[in-house]
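Database features, via TrEMBL:
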TRANSMEM  6-22  transmembrane segment
TRANSMEM  34-53  transmembrane segment
TRANSMEM  65-82  transmembrane segment
TRANSMEM  94-116  transmembrane segment
TRANSMEM  149-169  transmembrane segment
TRANSMEM  209-229  transmembrane segment
Amino acid sequence: MYNIFETPIFGLIVTILFYNMGRYIQRKTGNPVFNPLLIAILSIIIFLSIFHIPYKAYKIGGDSINFFLGPTTIVLAVPLYKQFELFRKNMVEIISGIIVGVAASFVSVKIMGLLFNTEQNMINSLFPKSITTPMGISLANTLGGIESITVVAIICTGILGAIISPIVFRFGKIKHPIARGIALGTSSHALGTTKAIEMGEVEGAMSGLSIGISGTLTVILIPIILRFMR
């Protein structure tokens, strides 16, 4: 019954269609709450449910897009190259900001886990919430976390960051493009970087840089820190 859906092109078209629908809605409304990725996710879930299409049929094509998550991150090096002189002049401040962001992410997950008496494998699944999906999945597997929980946490963190960042920047009176870029990239990975690029080239470059550095630091340091905390 579902043979016509079990082709890579089906999942690919559905994903692109609903994502572009989300972008259209956001452009028309101008409201950050209408995040394209959030709209796409909810629309795809509803679509598959209404037409009783199994997730595994959609996933065949969805995996085609998932494959490019890692390689597309490299493209973020382009705006960084254009703003390299700015990075060189502010290197200490930029690196310090990223380190503080990584530490804040780790501490917040640890504290929430202790407050709610959360199982360790669940906490381990949430540690990678602020880095890209490929790196996050790798870290979750290393820590013995639950891969699916990690993916959901990463997506939710990115969407939330993209939605509330303009509000936070406005109320916090954060106007410096470097500070904005570092905050978005370190806390909200690629989705935050998408928002940073909308704000400006400097924001996009700094956010792209933050993704790589914060992801690397998280993957390397968290297993070491947890080993010493046992």
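Using the three backbone atoms N, Cα and C, a Cβ is placed for every residue, glycine included.
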Would the transmembrane segment (209-229) count as touching the transmembrane segment (94-116), if touching means at least three Cβ pairs under 8 Å and pairs must be 6 or more apart in sequence?
yes
Non-local residues, at least 6 beyond the ends, that sit with Cβ under 8 Å of the transmembrane segment (149-169):
32-33, 35, 37-38, 41, 122, 125-126, 128-133, 136-137, 139-140, 175, 180, 183-184, 187-192, 194-195
